[in-house]
């Protein structure tokens, strides 16, 4: 019903605004851009049509209304940021195809031991690390069956007292996978779609490249602290139990590793390319200095790594390579279109003066303290993202945030970074993020359990992100 209402309400609102809006103080085309933005927001919120389809509207309507030429409207869909994420996706697909991600996860679980809390920690570390490089959805899908195997192994022959402890353990284990997948994604600029949207907007609005290596200076500490807080909240506060060593869990991990067998050539090749790509991202400036020019950027490195996956042979005689094109049907093409549509929409909002106008209205006389402004923007983002796609939210809200920063003449990173990260800190609702929905589908989590745990983690996240903006962001970006 909601989708049907949204399907009609979007174009209807567009038509009404088109006929009634007038902005004498703004550039020509502003009413059309506002009307289009309203249409897109309605469709994104109600999920009336697939998100990528909505993202294609500017490609059609901007040229029709003379906002941009067809070439100008199409350019954002081929932004370097889109290809940065595509390259990251290709590397992630190769890891998934060759089961390297599964081997990494199982080896981390092997190291963290068979203690109940150690198992939860192991799942969190494995999930977070993989989510830095491959989609958090794929990570959660892979980790959940392993967790369910351990849970089912422990379900039989327990006393009532033991059962209470095991229920808390199962709740904590399931939630730890979802939360670690969300948290791990913020560590790198390719780890989660909102980060990539943020990077694209910084390039579009300020011509500023958010470098992979510099982002890690923020992403790694944020990930580490948030994982630690989440782990302590789950194991010491919300779902505390008195379980010690869990018999059989270590043997299960060993069995899963034996099923994988020895590391084959394809896995080794993927690991080498993955390692070289990550190192090139981190040490890009030093490599460019050695080469005597700015030959490398994050997009070139990502696409270079992705292309290598198609040319490294596993078996020459049969023309078998690490990655083949047919496997790329799993690549989330819709997300790439969503990035392009978001950048295109923002380009129209910027060129017609709407972003500056909204920024002036929200910023007011500029008397609000910076910390309070960050707190309000972060809180708004974090709780709204519980109810809608975090990618769509960042696409809609980030231009406004950057407009506020421009009006107040403050470093946009102070506002944009916590907002981008907050969009990935959706812990309360199953609909908030795919990992939340995936673990909720296991049947071990009640809605009340997720809401309770998520509410406290959301509150902590807001306070923590304000501190991050005023300290870590200030240190990294000045």
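Cβ from N, Cα, C; glycine included.
Database features, via TrEMBL:
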TRANSMEM  61-92  transmembrane segment
TRANSMEM  104-124  transmembrane segment
TRANSMEM  130-151  transmembrane segment
TRANSMEM  171-192  transmembrane segment
TRANSMEM  212-234  transmembrane segment
TRANSMEM  265-283  transmembrane segment
TRANSMEM  289-311  transmembrane segment
TRANSMEM  331-348  transmembrane segment
TRANSMEM  368-384  transmembrane segment
TRANSMEM  391-408  transmembrane segment
TRANSMEM  414-432  transmembrane segment
TRANSMEM  453-477  transmembrane segment
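The stretch from 61-92, 265-283, 331-348 with the most CB pairs below 8 A to the transmembrane segment (391-408) is 331-348. Beyond the ends of the transmembrane segment (212-234), by six or more residues, the same chain brings 120-121, 124-125, 128, 132, 172, 175-176, 179-180, 183-184, 186-191, 195, 281-285, 298, 301, 417, 421, 425, 453, 456-457, 460-461, 464, 468, 472-473, 475-477 to within a C-beta distance below 8 angstroms of the stretch.
In summary, the transmembrane segment (331-348) does not lie against the transmembrane segment (414-432): fewer than three C-beta pairs, each 6 or more positions apart in sequence, are under 8 Å.
The list of residues near the transmembrane segment (414-432) in space but at least 6 beyond its ends in sequence, with Cβ under 8 angstroms from a Cβ of it, reads 178-179, 182-183, 185-186, 192, 194-195, 197-198, 201-202, 218, 222, 226, 370, 373-374, 377-378, 381-382, 385-387, 390, 393-394, 397-398, 401-402, 404-405, 440, 447, 450-451, 453-455, 457-458, 461-462, 465-466, 468-470, 473-474, 477.
Listed stretches 61-92, 171-192, 265-283, 289-311, 453-477 were compared with the transmembrane segment (368-384); the greatest number of C-beta pairs under 8 angstroms is found for 453-477. Listed by sequence, the residues of this chain that lie at least six past the ends of the transmembrane segment (265-283) yet keep a Cβ under 8 A from its Cβ atoms are 91, 94-95, 98-100, 103, 133, 212-213, 216, 296, 298, 301-302, 304-305, 308-309, 312, 314, 322.
For the transmembrane segment (289-311), the residues of the chain that approach it from at least six positions outside its boundaries are 80-81, 83-91, 93-94, 189-190, 209, 211-212, 270, 273-274, 276-277, 280-281, 321-325, judged by C-beta separation under 8 angstroms.
Remote same-chain partners of the transmembrane segment (171-192), defined as residues 6 or more beyond its termini with a Cβ less than 8 Å from a stretch Cβ, comprise 84-85, 88, 119-120, 123-125, 127-133, 136-137, 139-140, 143-144, 147, 150-151, 199, 210, 212, 215-216, 219-220, 222-223, 226-227, 230-231, 234-235, 238-239, 241, 298, 302, 390, 420-421, 424-427, 433, 435-436, 438-440, 442, 444-445, 449-450, 453, 457.
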